[in-house]
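Novice: Can you keep this structure in mind? I'll have questions shortly.
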């Protein structure tokens, strides 16, 4: 039975800061007092029943520039009650996994009244985030001191503060000692080993741990392709038509690895307790706006926006814009082929080492242009998706991912399809694939890790100089830590990381049969990617809030779609090969029918696997 909150005193004599709140510099005093009061108030009075204190010296004095920074924590009892509220799943003494309840707390493994490590720090911070985001207005009509910031009963106070610019940010603090231990076992020493996924999950949460788990799994899955690809490349370097066996292996590989990943993912998330977690009711996203009305499902008063208006925005503005961008991408592709022809003509006229190098210049330029176009389009897609005004964050993310994936797929792979199935030039296909793959990997490593790391190091030096100028001693290291972390970049999620792996999967599964070293370069890139991503999580970005998740979400569908496309592509390449054509020298019709039959059998097998998997889940 769920305990009543009024039965508990959640006061904690020892304050442990877990979350930092930063308000705008010109925030009014009455707003600060009202907000802190609402955070500290008991649940029965509509508060969050958390602990909050301003950032100050031990003697109580304020530090210039830090008057609007507050630290939020909670008592151990409060966190246990919060764990029940959010539905955390923990392991019981009988090794089963069950939703945690405070009344049955002693039946859970490793629980003790004085064991404050029963909940990981990331779980504690997730609970505080949940309570802050669910801090709701009662009878207030506006935020005190800001008449334009309207409130209504049930409105999330934190979301209103964010949209009105009163609340700059709130983020979880790093634990310096735990972070030091994690860095030591994760990336401080270069070694070939499994990643500490359980430790990553405890510190950063399941979403981040699942990404690194998928990155590790995908890297190991690429190893067979790489081992086969090296001798295949060495012994058939100039024979571009001997790719049938490799393409056949590609057909099986691209499907099997995704099916095995589903099992690995389910095993991990069951152990972590998120596979069985009940999905929380999704609140409107902070950027959602509309006319105040009644939600027909919940009966609550909240902004309402016409779905017809949203559909008109999608089909009359967003869709034509995406189509225009796709046309622009194809136009740039044709310019690239003109450059290729100019480079080839120049080489045929001169035939020097320099002219030989010039053959690679168009592909390199095109690869750089592709990366630039992808990044510019990403900003446009984010703006359009926000403008469409989706009510839920999941809907917003799905529409954004769809826009980005469609453009990135065409932008990155259209030239390869054109070379393979229009020009029928396997030599140029190999050259283009190699150049696009390697150039994109180098640019991504620089843009995602090396450049941000250099900027962050420069900024940290400035912060330390400012601290020294303020005559802050070593006892005030918390101030230095908070000042450094609040200026760090915000980690925007795993979107870009999964997108990079998605495109890499496309390069390998679609056309690596004509360039078998693609898997080798992908493995090398992913090994460095593991270290660079670990570095940026620990050194470059603020600590993200933990987000419980049971799988990699819509990205699983994206990878499976790419797998289906790779089946069709590899079957077509097999049908075009001279080896297969030699078997059917007279009748092209028989060849086409056999290729289509193989393709359909493969797609049917995939569909049957998916249906079996869904059936098991329902059972």
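Heads up, the Cβ atoms here are built off N, Cα and C, so glycines get one too.
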Novice: Among the residue ranges 433-455, 456-478, 525-547, I'd like the one that TrEMBL describes as transmembrane segment.
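Specialist: In TrEMBL, the transmembrane segment feature sits at 433-455.
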Novice: Out of 243-261, 357-377, 400-421, 501-524, which stretch has the largest tally of CB pairs under 8 angstroms to the transmembrane segment (217-237)?
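Specialist: Checked against 243-261, 357-377, 400-421, 501-524; highest Cβ contact count belongs to 501-524.
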Novice: Which residues, given as numbers and ranges, are at least 6 beyond the ends of the transmembrane segment (400-421) yet have a Cβ under 8 Å from it?
Specialist: 318, 322, 325-326, 329-330, 333, 336-337, 366, 370, 373-374, 377-378, 381-382, 384-385, 428-429, 432-433, 436, 440, 495, 499, 502-503, 506-507, 510-511, 514, 554-555, 558, 569, 572-573, 576
